[in-house]
Amino acid sequence: MKGTQTKEKQRVALVIQYLGSRFHGWQWQPNQRTVQAEIENAIAEVLGETVTLHGAGRTDAGVHAAAQVAHFDMVSPIPASRWVDILNARLPEDILIRGSAQVPLTWHARFSAQWRRYRYTFYTEQRPNLFVKPYSWHYYHFPLDESLMQQALNPLLGRHHLAAFHRAGSRRDHSWVEVQSTHCHRQGPFIHLEIQANGFLYGMVRLLVGLLVEVGSGKRSLENFTEIWRKQQREAVKYAAPAKGLCLLRVGYEEFPFPPSLWFDSQPLFLFNQVLDSSLSFPNQSLPYGMTS
């Protein structure tokens with residue numbers, strides 16, 4: 001019909017940061033506060049219709065994300081680049097949209113992803129610290145040896161059947177995972193463990209960390225740790241590490257429309273760096289609030 005504007009479907013990708021403490025995970029659940037539901041509701045408010053947001057990873061309740069990736073489809077003249085401001089004006093304080101861009105309809109936040117990277121953080125001082133408590137496991141009961149923990153992680157590199165670190169309730173029909181890299185290092189009173197894989201099993205990182213601390217504290221041998229996951233002894237993995245220490249750090253794609261500056265590779269290290277910084281100096285004379293010398 002003459003004068004009618006044709007509207008074509010477009011796919012919008014988002015880079016999302018959130019604090020997981022007050023969420024019941026990423027994925028929509030009835031009568032629960034979830035990240036997916038909050039963002040879907042905000043988008044629906046603008047478009048006047050329901051949408052489905054597809055995430056690269058389904059983080060558990062209490063798990064944080066520095067750069068979760070998701071996409072949704074719309075038939076709207078709104079430019080994809082505007083969704084950062086549109087959504088941030090409507091979302092709660094514990095969710096932040098860091099980037100938005102149009103992607104091909106063949107691109108998928110979950111199925112186009114080649115890898116995901118998680119970081120788990122321990123805080124090992126005996127006295128608690130309120131500024132890092134929401135983002136780390138306060139583990140001070142026994143000294144942790146990060147070099148032993150790294151040695152335990154090394155055999156995980158490659159493609160393995162990791163049923164020992166697979167929680168019940170998953171819809172995934174297999175437990176094969178290709179672990180691409182692991183890194184465990186100390187930063188003052190903090191120990192950071194990073195693991196990158198093509199995908200992760202339900203609850204995998206927290207179960208792995210829960211067993212790994214037994215190696216780091218000298219309660220379990222390297223050989224026994226390896227034997228447990230190689231023989232798929234799920235019953236031997238009794239404890240999952242607290243969710244608050246875990247952060248989805250980054251998702252990797254062959255083609256991605258966002259600049260590298262959106263990746264928070266330093267997250268959550270930036271916070272811990274400030275806590276550790278003893279070189280801060282303060283002027284003798286106080287300045288008015290908001291002013292610097």
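Heads up, the Cβ atoms here are built off N, Cα and C, so glycines get one too.
According to Swiss-Prot, the protein carries these features:
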- D60: active site, nucleophile (ACT_SITE)
- Y118: substrate binding site (BINDING)
Conformational class of Y118 (substrate binding site) under the three-state DSSP mapping: strand
Nearest-integer angstrom distance between the alpha carbons (Cα) of D60 (active site, nucleophile) and Y118 (substrate binding site): 13
